[in-house]
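Per TrEMBL, these features apply:
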{"type": "BINDING", "residues": "Trp63, Tyr70, Arg71, Tyr72, Asp125, Arg151", "note": "substrate binding site"}
{"type": "BINDING", "residues": "Asn110, Phe111, Tyr112, Arg195, Ile196, Asn197, Leu198, Thr199, Leu200, Arg201", "note": "2-oxoglutarate binding site"}
{"type": "BINDING", "residues": "His121, Asp123, His177", "note": "Fe cation binding site"}
{"type": "DOMAIN", "residues": "103-204", "note": "domain 'Fe2OG dioxygenase'"}
Amino acid sequence: MTKAASQPEGFRLLPGYFSRTAQEELLETLRMVLVDAPLFRPVMPRTGKPFSVRMSNCGPLGWVSDINGYRYQSVHPATGNPWPLIPNALLQLWRDVAPDAREPEACLINFYETSAKMGLHQDRDEETFDAPVISVSLGDTATFRIGGTNRKDPTTSLRLSSGDVAVLGGPSRLAFHGIDRILPGTSTLLKNGGRINLTLRRVTRD
Ligand SMILES: O=C(O)CCC(=O)C(=O)O
Ligand SMILES: [Fe+2]
């Protein structure tokens, strides 16, 4: 039997951080962001296997994955345009939760259809891990798995619901994590179902 793990040190879940009204406002803003910077389907480095999630970004830098690898870049891979600005509500969240950290430079937008998942991984393409990764969930509930800093460490599973904020700070900044599944019909926020996850990240050191 696998050992159950407790949540790693530095991990915080802030359930219902965003009210329903705040979620609706954020969603409206994101729709405008996605007109400028449409969702694209990244592929895995080397193999070219498509991700099950579609992605976009806002902020001075955006995370992309293609045949050549994972990286941050300042333009959208399909349009070649700079990414849109990070919405104010998300900058306010960052200042509220991580008042001592430098401003976020990237906000990765993940869109999960009901069948999408995300394998266990670390967020480690940034130059610095001093700032936390701050995650916002909108739409259907997801089962989120988080373990330790070694892939083989025991993991624990928790649910992320619409409006919840999760913070991977301190030692949990480099914890392995992933999305096992999306629970269909658990939210009315997105009229066609599915889930949006936003992750705010500091990328550079200076
Ligand atoms: O969807 C989530 O809650 C997690 C997303 C994630 O881990 C990532 O984009 O690196
Ligand atoms: Fe991640």
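FYI, residue positions are counted from 1 along the chain as it appears here.
For all residues, glycine too, the Cβ spot is worked out from N, Cα and C.
In TrEMBL, annotation is done automatically, which means it is predicted and not curated.
Model, not experiment: these values are computed from the prediction.
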Query: What same-chain residues, at least 6 away in sequence, bring their CB to under 8 Å of the CB of Asp123 (Fe cation binding site)?
result: Val133, Leu168, Arg173, Leu174, Thr199, Arg201
Statement: Restricting the binding-site residues Trp63, Asp123, Leu198 to those with Cβ under 6 angstroms from ligand 2 leaves Asp123
Task: Mind running the binding-site residues Arg71, Asn110, Asp123, Arg151, Leu200 against ligand 1 and keeping the ones whose CB falls under 6 Å of it?
output: Asn110, Asp123
Query: Hey, how far is His177 (Fe cation binding site) from Arg151 (substrate binding site), Cα to Cα, in Å?
result: 9
- request: Specify the nearest of the binding-site residues Asn110, Tyr112, Leu198, Leu200 to Asp125 (substrate binding site), where nearness means the distance between Cα atoms.
  value: Leu200
- request: Can you check how the pLDDT averages out over the domain 'Fe2OG dioxygenase' (103-204)?
  value: 98
Cβ contacts of Tyr72 (substrate binding site) (under 8 Å, same chain, 6 or more positions away): Leu61, Gly62, Trp63, Val64, Glu105, Ala106, Asp125, Glu126, Val203
